[in-house]
Amino acid sequence: MEKFMKIINTKKKTKSEIFNIHSSVFENSVMKKLTTDKIYNILLDEKHDDCPVFKGLVEYSILYSSASLLSSDAIINKNCQIAINWSGGLHHSKIDEKSGFCYVNDINLCILNLLKHFKQILYIDIDIHHGDGVEEVFYGTNRVFFLSFHYYNKNFFPGSGSILNKGISYGKYLSLNIPLKKNISDINFCKIFESAVHETMKHLKPDIIILQSGADSLASDVIGKFNLSIYGHSNCLKVLKKFNIPLLILGGGGYTKDRVSKCWTYETSIAINRNIQENIPHNVYWKLYKPNFELDLLKKDKYIDYNCKKYLDYIDKKIKKNFGFFYPNI
């Protein structure tokens, strides 16, 4: 596929450019201590943390965040209509704390960069987890519409994302949370996704869409609670492409590595309008796909979908009711 896309080598941004969305508390408590000779003790203290400190963390954070920023720059400069950074999409990191395997919130960096050039942004999140670190920052603005489809349970991280959370102040009704139950199927997920997106696009005219395409919403993910096939997951990208407006695609969660790589490879092929073969070609990682060396686009588990028609109809009514109060004043 490489010959059908432009590969941009990451040029590292400065620390000040990367960490400017985080408070001094974050930089002092997380980043600065990594440059001391106490790294070993930190590793021992935080090895059970959901954001473990490791050697090279600062470099890693700068690299994935720089890649996301360069992707947004490519769209700003009209070098492409669609830009992708699968290493990005770390949506839990807060202004003053790391959270949920997320260190620097590259999504917020991209949004702030894009807002310098675009009037309104539509952010869509299909990770199994609610994108709390993004919603928190833009909860009171009318320039970013936040739309998240996630598994919702107060005992499931991060415990946020109720349908009652709709934004505040100028951002009232510009946060739309779609809380879903366990084992949602392709059919039901695609139905509610298309309904919410089309309803949003009726009332909103975004200049750009950002898709956080977390793959932990796939069936068989070791953390996830949904039952989506790769084909069902990728339908979201197909829907968004039809609007023919600039699209920034970022990665996110995903804890069953072979499924993640298959999913994002297939979604890359959709982004560049290319068909790819079902069989995985030989490569240095080929053995990691054992025992199945195919994309398995339709693979899912035989679980009961707890998202019954009554519940999905309730969600759909809430979506439409949200836009009954919606007046984007930009």
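Cβ atoms here come from the backbone N, Cα and C positions, even for glycine.
Site annotation (TrEMBL): divalent metal cation is bound by D127, H129, and the candidate from D186, D207, D216 recorded at this site is D216. Taking the Cβ of D127 (divalent metal cation binding site) as centre and 10 Å as the limit, one finds 26 other Cβ atoms among all the protein chains shown.
Within 10 Å of the C-beta atom of H92 (active site, proton acceptor) sit 27 other C-beta atoms, taking all shown protein chains into account. The Cβ centroid of D127, H129, D216 marks the divalent metal cation site; residues of that chain outside this set whose Cβ lies within 8 Å of it are I128, H150, G214, S217, I223, G224, G252, G253, G254, given in sequence order. Fewest other C-beta atoms within 10 Å: among the binding-site residues H129, D216, Y255, that description fits Y255.
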